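**Q** Before anything else, here's the structure in question.
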Amino acid sequence: MTAILNKARIICTEHLLNTRPTSLNKYSKKWHLAFGTIYCSRILFSVVRNHNSKVSPIPDHVCLTIPPENGCFKIDETTLTDIVKEKKLGKLQILGGVNGVASSLQTSPDSGINGGAEDIAHRHEAFGSNTYKKPPSKRFFHFVLEAFKDLIILILLGCAALSLGFGIKEHGLKDGWYDGGSIFVAVFLVISVSAISNYRQNREFDKLSRVSNNIQIDVIRGGRRQQISIFDIVVGDIVCLKIGDQVPADGLFLDGHSLQTDESSMTGESDHVKVNSKKNPFLISGTKVVDGYAQMLVTSIGMNTTWGQMMSHVTSDKNEQTPLQVRLNKLTLAIGMVGLAVVFLVHVVLLVRYLTGNTTDENGNTEFNGSSTNTDDIIDTVVGIVACAVKIVVVAILEGLPLAVTLTLAYSMKKMMADQAMVRKLSACETMGSATTICTGKAGTLTLNLMKVTKFWLGKETMDEASSSISSFVVNLIHQGVSLNTTGSVYRGSSGSRFEFSGSPMEKAILSWAVQEMRMDMEEMKRNFTILFVEAFNSQKKRVGVLIKKNEDNTIYVHWKGVAEMILAMCSSYYDASGVLKDLNGEERMEFKKIIQGMEASSLQCIAFAHKQVAETEEENVKEKKKLKEENLTLLGLVGIKGPCQSGVKKAVEACQSAGVNIKMITGDNVFTARAIATECGILRPSQDMDSGVVVEGEEFRSYTPKERMEKVEKICVMARSSPFDKLLMVQCLKEKGHVVAVTGDGTDDAPALKEADIGLSMGIQGSKIAKESSDIVILDDKFASVATALKWGRCVYTNIQKFIQFQLTVNVAALVIKFMATISAGEVHLTTVQFLWVNLIMDTLGALALATEKPTKELMKKPPVGRTEPLITNIMWRNLLAQAFYQVAVVLILQFRGQSIFSVTKAVNDTMIFNTFVLCQVFNEFNARELEKKNVFKGIHKDKLFLRIVGMTIVLQVVMVEFLKWFAGKERLNWRQWGICIAMAAVSWPVGWIVKCIPVPERPVFSYLKWKKHT
């Protein structure tokens, strides 16, 4: 019995010692083990005491086997981090090199980690996750403080303090706090709304940042190449890297060729760093792959990398001011200056009237009688005049304009995200609406990323049947050229399962064709051959080469794959289907060119394969010169790859063209392919004269003189065989001509053009990390239709802001003129400062919501682009707002001077009617602001539920003010007749708006005449 009990307790003890709670850090785990040791010792002693049995003498020490800190892994995270961060090559060799580290991490160099849920959990527990601690987000109070720094807010606070002091002095505390207190309430509301809006916008940017950072990474797990989120990478993963990728973690070079990285973001050094298995196998997180490809063994992730530690201290400040916001700030300041000028004028006029004895008190007595006037009365009058001037400043300030812009940009950014356009830079929302030219690539933007080999030529014959009719010798050479000269991969779980292909769309198309049509076994090819050197693909060479050695007899071959014309130029012979080698003379070369042109004219992308057997000494030459043989090759075959146009691309191109936006296709394809695709997409018309300079090659465009380029650049619709430099050159020429240029791109080489353009649009699926970082907007679904949608939203942003500017300026111009004229003529205004503030606030906040959230309409894409120099306030807007402002001024002044006699009402009721009519005029004018040019302002209004709800809310709030807050609106409530009169006078705004839109305006901006006169 004792033995059984002892055994049970020992089992419990072992279980306790092996317990590894995932929630404990490494120090807590050590304390846990120590506690277990003490506890087990007490159990052993208790067994002896309780059973008094004869036991063997207890030794004076106890040996315990404590499991290693990383459980089943033979290496700890500190060692791994230290090796890569400090680039300790000697220490790496002691551990058995990269393969030794892989073995310690239980990673197979060929098939990667197991990838099961339990395996991933163990790795997370031992080495952490690939995330980093972010600095805390800005809290709401931060945005409140930022709002207080606004010059407009500071001016309003100053006016509030002055008004409060003057009011209390003149009317006492009970009635004198109304004006000043109301201004303080108005400031509080403006600050609150502004802070809430900016806070929510900041939260939206944080969400977008998470989406933007969540890039997909190719890894090998369980022998299968698959895509996972960058945040799901674990230590021990094998990551596949290619040109344009950002290294997602610290790691070691496992396999690959010609790999070079840009470490400038980490070290500041601009020179590219060569990475290989012998001299420098270290890959640093955050660096960019600029050449070659490789497989990397992940050794450190998250906060254990230098990149993670650096990013944990970096905050993404998205409180940038867009160009439109800058222009509006200037407009607000200019109107404020006008207000101050009016204040000064009013101040002078009122003082002159007072000092010349032209003002009377309530009893009709002259207020100023020279030296007989009491000093206190003079002071009180001057204070009253200053208070009146302060109230005019309050009326002149456009406090709602910045809010409207913020609301519009935030709303459109959220909606654009839903329409597959992720905005990285806020200014792109508005700039996109001004675009006059879009330069787009072909692959993945106009055409689908799903490619397929539809033609195969061997010699001068097309091979429509299976590979059985082709010489086995030639088939084997093609297998070599496809399987060993690729960055893609083939995976098949079991003999009965389907093949899975990974890589670029073109690589997947070629691999699929070779495996399924040509019966290629990729794994067998890799077993039989060794890759010695790779000359990686780039957009300038447009080809990729590989030097391989056959393991059986050590024979060495060079294989090339690339654009058909370039590969053909490197060949001096070719194989026919029977395997007979034939010379490629001038006549036959022309025949092959015709075959290539025929495929390209059918919208096929033509790829050629060529090879050459070389001497064994070639291996040393290549390693020394880093260059493969490029002459006297033998042509193996040609394949035509079809990339069908995206659905809806032609419609999207036509929509952009009807909007006055020029579409230019810039591609690396042959002229014939480019022309066929452009015609299919609607960029070119079938009847268009192709010899008139609309289609050019990059080399031809490059050879133009600067003057010729500037003359011809606008005419070009398609540029074929172009390099990234040609794309950049075209963007620069177009911008110099005054165009607002948008550019699409997905490759690393597109980064300069994306940065140079006014709006850079990268592709979310096929786009490289570098391309995305260089862009302003990321098109998440890689569709050109989404580019057209972004254009429509950009125009909507610009138009909505113009609508609100017209509406807001109408209110402020009318209020300023009413205040000025009434003060000059009568010395007082029946609209109080509180009432003016109410009009401003209700129209600023609710009006901004109503007009700033209008959705884009089809009519927006029928107008010409705004362009770079178009004024923000157009002649049409000036016409509309001045007409409405003058009507409102006339109505208010008639009511003020003749209202009592016309409508037979008391002064108190008349004052209330003035206030009510002025507010209702703004409500009716809100409908007019929906359309800047069209006379029918009610079109589609039944669909705009938000607008109708806001108008309804405004009316309800106004009824509450007039009927229930008499101290605020006036001294009396209004009856049904008086309400009807107010509504009728306000409703005249509609016919006024209709009539005014019949008046033509000059196209030339009004203020340009002033500039012209100034220069003359």
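In case you wondered, yes, glycine gets a Cβ from its N, Cα and C as well.
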**Q** Can you dig out which of the ranges 147-168, 829-850 TrEMBL describes as transmembrane segment?
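**A** Of 147-168, 829-850, TrEMBL gives transmembrane segment for 147-168.
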**Q** Please determine whether the transmembrane segment (180-199) and the transmembrane segment (946-970) are in contact (criterion: at least three Cβ-Cβ distances under 8 Å, sequence separation 6 or more).
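**A** Answer no: the transmembrane segment (180-199) and the transmembrane segment (946-970) share fewer than 3 Cβ pairs below 8 Å.
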**Q** Quick check on the domain 'Cation-transporting P-type ATPase N-terminal' (91-168): DSSP residue counts for helix, strand, coil, in that order please.
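**A** Once the DSSP states are binned, the domain 'Cation-transporting P-type ATPase N-terminal' (91-168) shows 50 helix, 3 strand, 25 coil.
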**Q** What residues in the same chain, six or more past the boundaries of the coiled coil (607-634), come closer than 8 Å to it by Cβ-Cβ distance?
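**A** For the coiled coil (607-634), the sequence-distant neighbours (Cβ-Cβ under 8 Å, at least 6 residues beyond its ends) are 258, 477-478, 480-482, 506, 510, 532-533, 535, 545-547, 549, 554-564, 567-568, 570-575, 581, 641.
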